[in-house]
Amino acid sequence: MCLPFITFFTIRPLIFIILLKKRDNMSTDIRWGYIINQIAMIIQEFNFCFLFRIHDLAPYSGLYCDGPICRMGIDKQYLMTALAFTTISTIPTFLYLLLRMHQRIIENTDSRFKLSVRSQAVLFTVMVLILASNVVGFRFFAKDATDAAELIKLPDLVWLTERGGTIFMFGPPGRSEYFRFELWNLLASMIIIGPFVAIATFHSILIMFSQKDCIQLKTTTHGILVRIARVFFLQLVGVNCFFIAPLFMMLSHMVLDLSWIDARLISLTRCSLIIPFALESTQLSLIFLLKN
């Protein structure tokens, strides 16, 4: 609950000072990409850690919302739509930064991966639309199963009902009645967008390594870009560790029945999966701050 407020008054101002003051150290498009990225992460952090406070309900196919917005009697599907939008909205900012950094790194090469501004705009728009389809999917498929009323009466769930908040009960362990359609859509989105992220990342790293002997990292414009790109690729590692991996683990028990696992391990999983989500924005901002 306290984390968004602490970072908002400590880490975030320092990052914005760097982005606004050090204008000569990065191009306008990348600088504004980072500014929008920081704004999106601030919103996501406030939503996830304070307004919603989502908790995993492993091994059940469901989530528990403990935040103030989930105690206001708002329709569950509207809540899930808002949560999905703020969570997914950070991804296009990283895709934009990856696209622009990749193109700037290879602009002085004869690589066939060089794209025109129009082609970049089309590629980015397509990826944004694919991601937006998941927000729509959450709106229509992230709804309670037909037997949700019976499920939430189980001993390890009924106390949450008495505590308050909102339970999103998609189904019993491993069987999401409606939500599985959105899970398939999410998987398809990752299969489509994933290759772009992998190719752009590894190709950029390959180009940077091939040019490292002729780059004066502290003086040349291209050298400054390479330094910024190295920080960004380190952030991508953080995205995979603090967002993609826990998201995959959290959603896996909604399609796989893991109720056979020892209850103590499941209890630990319920708690541990939330920690990286809560820390994602903070650790990404700290990487940017400490490396600049």
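Here the Cβ of each residue, glycine as well, is placed from N, Cα and C on the backbone.
Heads up, TrEMBL stuff is auto-annotated, nobody curated it.
Feature list (source: TrEMBL):
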TRANSMEM  6-22  transmembrane segment
TRANSMEM  34-54  transmembrane segment
TRANSMEM  78-99  transmembrane segment
TRANSMEM  120-141  transmembrane segment
TRANSMEM  183-210  transmembrane segment
TRANSMEM  231-253  transmembrane segment
TRANSMEM  273-290  transmembrane segment
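A contact between the transmembrane segment (183-210) and the transmembrane segment (78-99) is present, since 3 or more of their C-beta pairs, 6 or more residues apart, lie under 8 Å. Long-range contacts of the transmembrane segment (34-54) within the same chain, counting only residues at least 6 positions beyond its ends with a Cβ under 8 Å from a Cβ of the stretch, are 1, 3-5, 7-8, 12, 15-16, 19, 26, 63-70, 79, 82-83, 86-87, 89-90, 93-94, 96-97, 274, 277-278, 280-282, 284-285, 288. Packing against the transmembrane segment (120-141) from elsewhere in the chain are residues 77, 80-81, 83-85, 88, 91-92, 95-96, 99-100, 103, 178-182, 185-186, 189, 192-193, 196: each is 6 or more residues past its ends and has a CB under 8 Å from a CB in it.
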